[in-house]
Amino acid sequence: MADKQTHETELTFDQVKEQLTESGKKRGVLTYEEIAERMSSFEIESDQMDEYYEFLGEQGVELISENEETEDPNIQQLAKAEEEFDLNDLSVPPGVKINDPVRMYLKEIGRVNLLSAKEEIAYAQKIEEGDEESKRRLAEANLRLVVSIAKRYVGRGMLFLDLIQEGNMGLMKAVEKFDYRKGYKFSTYATWWIRQAITRAIADQARTIRIPVHMVETINKLIRVQRQLLQDLGREPTPEEIAEDMDLTPEKVREILKIAQEPVSLETPIGEEDDSHLGDFIEDQEATSPSDHAAYELLKEQLEDVLDTLTDREENVLRLRFGLDDGRTRTLEEVGKVFGVTRERIRQIEAKALRKLRHPSRSKRLKDFLE
């Protein structure tokens, strides 16, 4: 053991990453716990770990918690998964818009008869013998279960149909791994796999900014605690109250809440007919308001009229000195070069032009814009 620890400390961070990556590629999976154990001797920023998790995902390595690593869920997990679902209810969740193909799919699976416990065992026995038809029949009879579970995850950032598709993949894994000898119902066993497939898909695909799976699990736990406290207290719980329930610091809870925030697209449809977008209703803080723009145009017109009362040279000197045409002011010397005179001469012309503009006959036309 001591030799192993000594050897571990001799490895660099990159070498440990390489070893973990190779192990993950061979097995197809790594646990967060084994990564943490191998990395414990290094000082690593959370950003570095997130980058490494993302790299592993790109390499096809699945990241899971240790309690998820077993090939099959344990008894406690199955007990937790065992819930009563209304498999005859194939209605669409409120707020979900579906098209004809989805409606046809729901109608189709509603025609498939549910299986009794004896039939499930009979099909499972045939599946062990390699009967593909039994595998298909067992899966089809439980497609309603997938829909029932998928309904509970609507509003998490994925389309209802996508949730169903991910759940169906979990169902197929359950069909492959179901062992009827252990005594539990297939629906109980399949529920665990369906949920796992859906929650992982949400973690990987639902968010614009991807969050590591372990953080998604923490966010989901926080949301559950938040809802429970809302019911108990009759108001939104404070970060301190959530922290106490989750055994975390209030600062950590605030950090998780910040991470959990979803970016909202400016193209989000608004209105019953989706004929407007969210961006249409958000003020551009840098844009000039219509009233200011109108006032500016009127001032510009009045200024042009007033400047027309000066001589051409006086008007052009003021335009250059104050940048009235292009927004760039010039020095006396720069303007002098344009007219081929000294800077002192330009100063005199400017002073004379400004005196003329201050005369009540001209200035009263501009004073209203100063109020």
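Glycine residues also receive a Cβ, built from the backbone N, Cα and C atoms like all the rest.
Marked as region 'Sigma-70 factor domain-2' by Swiss-Prot: 138-208. Averaged across the region 'Sigma-70 factor domain-2' (138-208), pLDDT in this predicted model comes to 85.
According to Swiss-Prot, the motif 'Interaction with polymerase core subunit RpoC' annotation covers 162-165. Through the fold, the motif 'Interaction with polymerase core subunit RpoC' (162-165) approaches residues 105, 146-147, 150, 153-154, 198, 201, 205 of its own chain, all at least 6 residues removed from its boundaries and within a Cβ separation under 8 Å.
Per DSSP, the region 'Sigma-70 factor domain-3' (217-293) is made up of 44 helix, 4 strand, 29 coil. Taken from Swiss-Prot, the feature region 'Sigma-70 factor domain-3' applies to 217-293.
Residues or ranges marked as region 'Sigma-70 factor domain-4' in Swiss-Prot (evidence: sequence analysis): 306-359.
Nonlocal intrachain contacts for the DNA-binding region (332-351), taken as residues 6+ away from its ends with a CB within less than 8 angstroms of a stretch CB, comprise 313-314, 316-318, 320-321. The DNA-binding region annotation in Swiss-Prot covers 332-351, and the record cites sequence analysis as its basis.
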